[in-house]
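Colleague: This structure is in structure tokens; I'll ask about it shortly.
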Amino acid sequence: MTNEGPATIEAATVVKPQDARLQMFAEFWHYFSINKGAVIGLFVFALLILVAIFAPLLAPHSPDDQFRDFFLTPPAWQEGGNAQFLLGTDAVGRDMLSRLIYGSRFSLAIGFVVVTTALISGVILGLLAGYCRGWVDTLIMRIMDIILAFPSLLLALVLVAVLGPGLVNAMIAIAFVLQPHFARLTRAAVMAEKTREYVVSAKVAGASHLRLMLVTILPNCIAPLIVQATLSFSNAILEAAALGFLGMGAQPPTPEWGTMLAEAREFILRAWWVVTFPGLAILITVFAINLIGDGLRDALDPKLKRS
Amino acid sequence: MLRYILGKLALIIPTFIGITILAFGFVRILPGDPVLVLAGERGLSPERHTALMHQFGFDLPIWQQYLTYLTNILGGDFGTSFSTKTPVLKDFLVRFPATVELAIFAMIFAVIFGVAFGIFAAIRRGSWFDQLTMGTALAGYSMPIFWWGLLLIIVFSGTLHWTPVSGRIDLLYFFKPVTGFMTIDSLISGQKGAFRSAVSHLILPTIVLGTIPLAVIARQTRSAMLEVLGEDYVRTARAKGLAPRRVIGLHAFRNALIPVVTTIGLQVGTLLTGAILTESIFSWPGIGKWMIDAISKRDYFTVQGGLLLIALIVMSVNLIVDVLYAVINPRIRAN
């Protein structure tokens, strides 16, 4: 009996890392799900991902098929509509619904690629600036200030003008204008964490600079980065669509939503559906992601949690 | 206070140099040599090519080219447009008032509605009004404004015929620009109906450009109000029996105003980004449309000069906001 006492206490206090993670997630979900809007946003976003993955199965037609007898056919419920084309057809007889379904692939891919690129480069620069300080910090942060001095869409436009119009170049340009936000956030978080005791003790224990930066400090700066990543995701989709709309992003006949709007522009007073649906798709996607972003901020911000 | 302003100014110098390097580098990183790029597909004889290289100073070492560029800018020379052959600064100044007029109207619209909705949402926290306003604000914040503009055109110009589709004023009216602001110039001209026409042309672009700032200001006002309403001095004001209107208007709102003012200042960049899209939709002859046209015409000197001028404006506005912020909030100065 006497020997069992300390052993039980040990078993009770040492929580397996897996359990701890599970508990953290449960706590996160508790706070996240309080925000009903965020849950709805997450649901819509999940649905969009499914639509993007299963686009070939869901789309009634190929996005590039031109039905020559059905130019600018109105949606099925309107007079002159055709049940074959639920949301109508565009000026060259392509099915709107199919193009919108395929378009979700582009928007989501743009979001993922741009945010990943901006996040990785921004975090590296922010880590270096916050960890090294001195001239490295000054140099990096001045460059970030310079990028932020330009209106983001204008800088992206000019970069695309240099690189040549196209989806890939548009994504590079948008990632470039979005990454200073990540760099600033990471730097601020690193500077706040750097002098904490756990970092000092890891340093005393002989951890290398790289280990201190990536393994010790970085995981503790994640929360604001996740929120920023969500906001950047929606920004990336909006800016890519804007570039497409201005003719500098994805090029026709790509069924990218912004590009579709650009093509539809001349028909706005004749065929409302070719203008309305692509924009609505952008709005719903961006709105859903911003709802998730709001929920994440509430769930991950410790200041709000306690109040 | 003066030291604070001087400190801020000193910080701006490296940013200014960086911006000029970026604008300078822009024409240099174009593939091929700049003269060939500017000549486009027309082609050039070797003699003409050498002459042009010399004329633009492209045959000098790169640092010397940059120094010349910097000196020119400090002397107010932002290059010459390749397509109109007029100085970029002149082209810019002709169009700038149109953008400023639109931006001012958009900002007034955004501030009036944003602050009002924000305050009422905060006072009735958790009510259906609060939820509806904040939901709409987030939708406004997520709005692809180029699409929003097209929708408004379909409804108000195409279907209801209430507003004109594009431009700043009806073609019937013509007068010499005095201030560059169409609403003021039309009044000065004294032509009947001109002012009305100018205002009707402003309505849709104002709504489109003001939508995102409105959403941001409404959200910011609400959260600033909520924070202030929980403070001790507001409770004290309530406890001593002041009318709710006085507590909210005098005690709470004035203090909630500080973050709101900053937000308004920060929206200037958003406004300029929005202006590019709004002006493009409504054929509004401002700097946004000018830049888009220059990019599509490959008029790189205009793009270069315009980019720099716009960045300088954003930078100056941010400086003014910083200083104003310090004036309103003494705590910032102390830090």
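Indices start at 1 and increase along the chain as displayed.
Each residue, glycine too, has its Cβ placed from N, Cα and C.
Unlike curated records, TrEMBL annotations are generated automatically.
Pulled the feature table from TrEMBL, pasting it below:
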type: TRANSMEM; residues: B:9-30; note: transmembrane segment
type: DOMAIN; residues: B:96-325; note: domain 'ABC transmembrane type-1'
type: TRANSMEM; residues: B:102-123; note: transmembrane segment
type: TRANSMEM; residues: B:144-163; note: transmembrane segment
type: TRANSMEM; residues: B:198-218; note: transmembrane segment
type: TRANSMEM; residues: B:256-277; note: transmembrane segment
type: TRANSMEM; residues: B:307-328; note: transmembrane segment
Colleague: Counting CB pairs under 8 Å, which listed stretch among B:102-123, B:144-163, B:198-218, B:307-328 touches the transmembrane segment (B:9-30) the most?
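Modeller: The stretch with the most contacts is B:307-328.
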Colleague: Which one, B:102-123, B:144-163, B:307-328, has the most C-beta pairs under 8 Å toward the transmembrane segment (B:198-218)?
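Modeller: When the Cβ pairs under 8 Å are tallied, B:102-123 comes out ahead.
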Colleague: If we skip the immediate neighbours and take only residues 6+ beyond the ends of the transmembrane segment (B:144-163), which ones have a Cβ under 8 Å from one of its Cβ atoms?
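Modeller: 200-201, 203-205, 207-209, 211-212, 274, 277-278, 280-282.
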